[in-house]
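Chemist: Feature table excerpt (TrEMBL):
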{"type": "TRANSMEM", "residues": "A:6-29", "note": "transmembrane segment"}
{"type": "DOMAIN", "residues": "A:8-69", "note": "domain 'V-ATPase proteolipid subunit C-like'"}
{"type": "TRANSMEM", "residues": "A:50-73", "note": "transmembrane segment"}
{"type": "SITE", "residues": "A:ASP58", "note": "site 'Reversibly protonated during proton transport'"}
Amino acid sequence: MEMALLYIAGALMMGLGAVGAAVGIGILGGKFLEGAARQPELIPLLRTQFFIVMGLVDAVPMIGVGLGLYVLFAVA
Amino acid sequence: MRKGHRKPGVHTRIALQQFRKVFLIQVVSLVIIAGVLLLHSLSAAWSSLCGGLIFLLPGYVFVYRALVVQQTKSTPGAVIRQLYTSEIWKMGLSIALFIAVFILIQPLNPFSLFGTYIWLQLTGFIAQLRLNNSFLKL
């Protein structure tokens, strides 16, 4: 029973982290495409801003993924 | 210049310079944290070093694939494809390194590993926001 709960906990951590990252990066990509369609001359600037914000968006979900992997591989 | 590569533009060069500064700050803080934890125990220092490398290596690969390897076309679709591919590589590499550390490194101190990982994330946030003035205007 405890093992099953640990696996569920790890799966929830990784799954919810993946959902957060997917929503954030999806919105980011959509906004980039909107901006590029409106002002194509700004694509190089938007690209670097996209790159910077992408690095910030995926940081917190990766902590959740790391904790989930720790539960799955080291605790369970 | 290799085939399929072109010279990076002004914005890319600025972003690369900022990344180099942030990366240097993170490496220095990782060395300091590992040195301080070495006074506590060897496993804590080793775990913090592993946590730092798990953060820094995928980040470096992400920047290399996203900014250094320039595509010949800079259409919005090509840019999105390149950045998403780089992100997938970063996430995959992070997961592989986490799994490798949890399986191969024994004994492991999870608090120093995740503490260093989270600290480097925060350092990156703060340094990136301070270096990038356009975010401060928001």
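Note that Cβ sites are derived from N, Cα and C of the backbone, with glycine treated the same way.
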Chemist: Hey, does DSSP put A:ASP58 (site 'Reversibly protonated during proton transport') in a helix, a strand, or just coil?
Modeler: coil
Chemist: Can you check which residues sit near A:ASP58 (site 'Reversibly protonated during proton transport'), meaning Cβ under 8 Å from its Cβ, same chain, 6 or more apart in sequence, and list them in order?
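Modeler: Within the chain, A:ASP58 (site 'Reversibly protonated during proton transport') has Cβ neighbours under 8 Å at A:ALA21, A:GLY24, A:ILE25.
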